[in-house]
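*Asks:* Feature annotation from Swiss-Prot assigns repeat 'PPR 1' to 37-71. For 104-138, the entry in Swiss-Prot reads repeat 'PPR 3'. The repeat 'PPR 6' annotation in Swiss-Prot covers 205-235. Under the heading repeat 'PPR 10', Swiss-Prot lists 338-373. As annotated by Swiss-Prot, region 'Type E motif' applies to 409-485. The annotation region 'Type E(+) motif' is assigned in Swiss-Prot to 486-516. The region 'Type DYW motif' annotation in Swiss-Prot covers 518-612.
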Amino acid sequence: MLIPHYLHQLQLCARNRTLTTAKALHAHIVKLGIVQCCPLANTLVNVYGKCGAASHALQVFDEMPHRDHIAWASVLTALNQANLSGKTLSVFSSVGSSSGLRPDDFVFSALVKACANLGSIDHGRQVHCHFIVSEYANDEVVKSSLVDMYAKCGLLNSAKAVFDSIRVKNTISWTAMVSGYAKSGRKEEALELFRILPVKNLYSWTALISGFVQSGKGLEAFSVFTEMRRERVDILDPLVLSSIVGACANLAASIAGRQVHGLVIALGFDSCVFISNALIDMYAKCSDVIAAKDIFSRMRHRDVVSWTSLIVGMAQHGQAEKALALYDDMVSHGVKPNEVTFVGLIYACSHVGFVEKGRELFQSMTKDYGIRPSLQHYTCLLDLLGRSGLLDEAENLIHTMPFPPDEPTWAALLSACKRQGRGQMGIRIADHLVSSFKLKDPSTYILLSNIYASASLWGKVSEARRKLGEMEVRKDPGHSSVEVRKETEVFYAGETSHPLKEDIFRLLKKLEEEMRIRNGYVPDTSWILHDMDEQEKEKLLFWHSERSAVAYGLLKAVPGTPIRIVKNLRVCGDCHVVLKHISEITEREIIVRDATRYHHFKGGKCSCNDFW
């Protein structure tokens, strides 16, 4: 009678996730000498896994004299749930070689899940090969897991091949394929598959929305979310709200973001920590740091992401002192910072010239928190040194850091050379960039050309352009979005087909004429790398996407309200000058989020102090 009693009690612990009670029952079972009973041991492994105590599950498993497939699958699942998927593979390997057990369908599912979590396609293919020759080769649950694994690893053709081989497809396999297409930016295929999905539930809607957000297709994500609301799908899980808040953040769609925030409150999810974290990030990216701070202050429970999201938001908007003060508050509350926290902190120091504080924080990462600096941390420190005129120290950092420097690292130093007037050093670094990298960032091309042009090295300018042509560089078309009265309008560079093109042209022309008279503005055509006459270059500058977006905002937005722009590329130097002048002439605040930072244009000045 003892064993059935304890089995029942342990099953209740698993259902209710009561770890303390499970440990007490375990102690009684050990004391009674029945811990080696296989059903009890299997249940203990399962209970500890369900309660998030993977180390206890593994200990019970290791002490079992006789292991079966149930215990094997349970411990592998427990390790996966604890984000210890690497350990999952090693435990599988050791048990398989020592006990002679062959994996069953549950073990295969756990292994495939581990490979998906790790993004380890090599291990995943090995598991797939073992599965194909096993007696479970037609198991459709394992096949669905394989679809998910291949999709998460970006191998959509392999995922589709497995998907097509499933006779009776379940929600997992359908959703995995839809999510895979969406995450890869294959919009049409994702939507086509989603439309024919037999049963759409919240999980499948969330997968499509989340996939679009992750691939940078915020407008598509919001469109799907709107359709989901029209279909009256019950939102019983806050994950979909977190995804759509992320879409609003990426689009800097503050009006839509506030509407989603209202929905979060109405549905009672405002106490969820990860939802609040997403809202902090959203408001910061919509340039409303006050609202982000308000969300933070109202949170009853905060984790490291909560603190870090607000620190990064403050840093990106030039509020370095506030970001550093918040970090001190975070530490005093006993919250341990993570890697992202330090990226935000060093970035904050970089934009106000706090060299010693930046160095101190960089050293504190390892000394106080055991965090190994990444290439991103080194690049932030290099940017800090470069902005402060310490170019020799910055270059020495590149040569001594434990990572091979990449294009953004060298480009950060090259930008500092241009700003600090270190022409010879800039030319040397530019030569190194051209000879050592297949350049990918459009802003690097412009920087190279300007460095060579400033030294009147026209042959090098031509050579750089020729090499860029040989590399077949395909830069994303420049585009800018502006949110006006609940609608997001997108403009592309050179676009002259907008319904309001005549109004936009007249306003931009009027503003340009006033800039020329009032501010002595002369278009800086060095930002146009095409081989054409000056008049054509000026025309290209005139139709840069951020200018059209600002003009549209001035025409359509509520008078006196800030105009918020999101651009996918770095703002060019000429547009930066133009936006400063427009902010002064129109007495409007213009906030631009480009590929590198936030710019607050107000009264003829920019928060970046002309260095971005």
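Placed from the backbone N, Cα and C atoms, the Cβ positions cover glycine too.
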*Asks:* Taking residues 6+ outside the repeat 'PPR 1' (37-71), which of them lie with a CB under 8 Å of any CB in it?
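*Replies:* Residues 3, 6-7, 10-11, 13-14, 17-19, 22-23, 26, 29, 77-79, 81-82, 84, 87, 91, 95, 99, 101, 103-104, 106-107 contact the repeat 'PPR 1' (37-71) from elsewhere in the chain.
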*Asks:* As a quick check of your reading of DSSP, tell me how many residues in the repeat 'PPR 10' (338-373) are helical, how many are strand and how many are coil.
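*Replies:* Result for the repeat 'PPR 10' (338-373), in helix, strand, coil order: 27 helix, 0 strand, 9 coil.
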*Asks:* Based on DSSP, tally up the residues of the repeat 'PPR 1' (37-71) by helix, strand and coil.
*Replies:* 25 helix, 0 strand, 10 coil
*Asks:* Let me know the model's mean pLDDT on the region 'Type DYW motif' (518-612).
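*Replies:* It averages 90.
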